[in-house]
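Engineer: Below is the structure I would like to discuss, written out as structure tokens.
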Amino acid sequence: MSLEERMRKAERTLLAVLLDPAKLDDEGARKLARAASEGGADLIFVGGSIGAGFRINEIILSVKKESNIPIILFPGNVDGVSPYADAILFMSLLNSTNPYWIIQAQALAAIPIRRMGLEAIPTAYLIVEPGQRSAAGWVGSVNPIPRDKPEIALAYATAAEMLGMRWIYLEAGSGAEAPVPSEMVRLVRERTNLGIIVGGGLRSPELVRERAEAGANVIVVGTHIEEGRDALASVREMKEALKS
């Protein structure tokens, strides 16, 4: 069974810890990998928007020394690909105003990804307000989805599904002051069959729980774990929120 199939068949919302290679050295990567493993995380995402391709292979190998959790690439560009990962979110930034982020980067990366034998998970990537002020939003030249217009997110999600994509990543941006609204998650869940990944601005167990209850298949936490005083405790509290 593929990793994607296991993700879709999971009976509960999965917790993914995001590691940004641009912000970590080997020891930092190992520390967060231990926290993810001991805290009960289900997945580790590796990637970022600026400079994340630098030493990505070394970071992933460091993570693998501390954890058996599946590693999924969350690429910010064509340099965010590694043969040492278990899968890659093969993403199209649908609400970018720059065609490079919609299809050109994907075309450049597709053949190397296939040659590496990486499992590709076709994913629509949508950046929601206030994500335009995040690194991903700035680099990706986005026209952000308004927070109070969940029907716009649904329109993109429906188009993604009709194009054959199987997942959608609703992103508010790393460290966002406000996460993706639960109502937006709920509407996409009710009106499509896409797997839903939600990330950005999820700083508390309550925010995580609300998005899980709205229908998210995967919750992604990164900045809260990286910048917190106790990474293990942070992972555990997020995991407990998904159990309740």
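All residue numbers here begin at 1 and follow the chain in the order shown.
Using N, Cα and C of the backbone, Cβ positions are placed for all residues, glycine too.
What Swiss-Prot records for this protein is below:
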| type | residues | note |
| --- | --- | --- |
| BINDING | ASP20, SER49 | Mg(2+) binding site |
| BINDING | TYR169, LEU170, GLU171, ALA172, GLY173, SER174, GLY175, GLY200, GLY201, GLY222, THR223 | sn-glycerol 1-phosphate binding site |
Engineer: If one looks at the chain holding TYR169 (sn-glycerol 1-phosphate binding site), which residues at least 6 apart in sequence have a CB under 8 angstroms from its CB?
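Structural biologist: The answer is LEU89, MET91, THR123, ALA124, TYR125, LEU126, ILE197, VAL198, GLY199.
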Engineer: When a 10 Å sphere is centred on the Cβ of GLY175 (sn-glycerol 1-phosphate binding site), how many other Cβ atoms does it contain?
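Structural biologist: The answer is 16 other Cβ atoms.
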Engineer: Just the number: how many Å between the Cα atoms of THR223 (sn-glycerol 1-phosphate binding site) and ASP20 (Mg(2+) binding site)?
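Structural biologist: THR223 (sn-glycerol 1-phosphate binding site) to ASP20 (Mg(2+) binding site), Cα-Cα distance: 9 Å.
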Engineer: Measuring Cα to Cα across TYR169, LEU170, GLU171, ALA172, GLY173, SER174, GLY175, GLY200, GLY201, GLY222, THR223, which the record gives as the sn-glycerol 1-phosphate binders, how far apart are the two most distant ones in Å?
Structural biologist: 17
Engineer: In sequence order, what residues of the same chain, 6+ apart, have a Cβ less than 8 Å from the Cβ of GLY201 (sn-glycerol 1-phosphate binding site)?
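Structural biologist: Within the chain, GLY201 (sn-glycerol 1-phosphate binding site) has Cβ neighbours under 8 Å at ALA172, GLY173, GLY175, ALA176, GLU177, ALA178, PRO179, VAL180, LEU207.
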Engineer: For the binding-site residues GLU171, THR223, which Cβ has the most other Cβ atoms within 10 Å, all shown protein chains included?
Structural biologist: GLU171
Engineer: When the number of other CB atoms within 10 A of each residue's CB is tallied over all shown chains, which of the binding-site residues ASP20, GLY173 has the maximum?
Structural biologist: GLY173
Engineer: Cα-Cα, whole number of Å: ASP20 (Mg(2+) binding site) versus GLU171 (sn-glycerol 1-phosphate binding site)?
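Structural biologist: ASP20 (Mg(2+) binding site) and GLU171 (sn-glycerol 1-phosphate binding site) have their Cα atoms 16 Å apart.
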Engineer: Using DSSP and three states only, what is GLY201 (sn-glycerol 1-phosphate binding site)?
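Structural biologist: Going by the DSSP assignment, GLY201 (sn-glycerol 1-phosphate binding site) belongs to neither helix nor strand, so it counts as coil.
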